[in-house]
Amino acid sequence: MCPARSLLLVATLVLLDYLSLARNLSVATPGPEMFPCLHHSQNLLKAASNTLQKARQILEFYPCTSEEIDHEDITKDKTSTVEACLPLELIKNESCLNSRETSFITNGSCLASRKTSFMMALCLRSIYEDLKMYQVEFKTMNAKLLRDPKRQIFLDQNILGVIDELMQALNFNSETVPQKSSLEEPDFYKTKIKLCILLHAFRIRAVTIDRVMSYLNAS
């Protein structure tokens, strides 16, 4: 039996450092041999970092730094990106590897070949599900912020656009998550705090996604 909890702990501590080695090996400018989704993941990380930096500047009188916010992961218990994207070299329990070499057909443009392992397909699908959840949250939050009479801050289309581009490249069929809506007047202060929390979490996930793509590009 796979020790799920131990695996998750090891993955959380080791995955980013391990994948950062591959990042150092990858080429910055996309070429014909480059893993197709690496360019999208680089754009995603850049947009996430820029949007967070902009929010911290605009909301300078709000608790919006990493030290001030209550960190929250909206994907917790809903996706398994860290586990699914763990490199084979870090897995010691053979029973966890039974399905990793199974061929699987994907429809997305992230892979040069549509034929891949089951675990790689699971990794990419988990990334897709992460992006979908953040996309819905950002759109819902943006709808609230646009109702703010002060018009202090709202998300531009760049970050929403790069999320959509990577999702299209991954091209997994998935159930549509309905956008949350409310007729009640939102608490704009709390909404802006929530935006800071969401942007910090999203940037961390964008780092993970970019390093996964860098690893796959170097593999």
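Cβ from N, Cα, C; glycine included.
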As recorded in Swiss-Prot, which of Cys2, Cys37, Cys110, Cys123 forms the disulphide with Cys85: Cys123
Disulfide-bonded cysteine for Cys110 as listed in Swiss-Prot, from Cys2, Cys37, Cys196: Cys37
Spatially closest candidate among Cys37, Cys64, Cys196, the listed disulfide-bonded residues, to Cys85 (disulfide bond) (Cα to Cα): Cys37
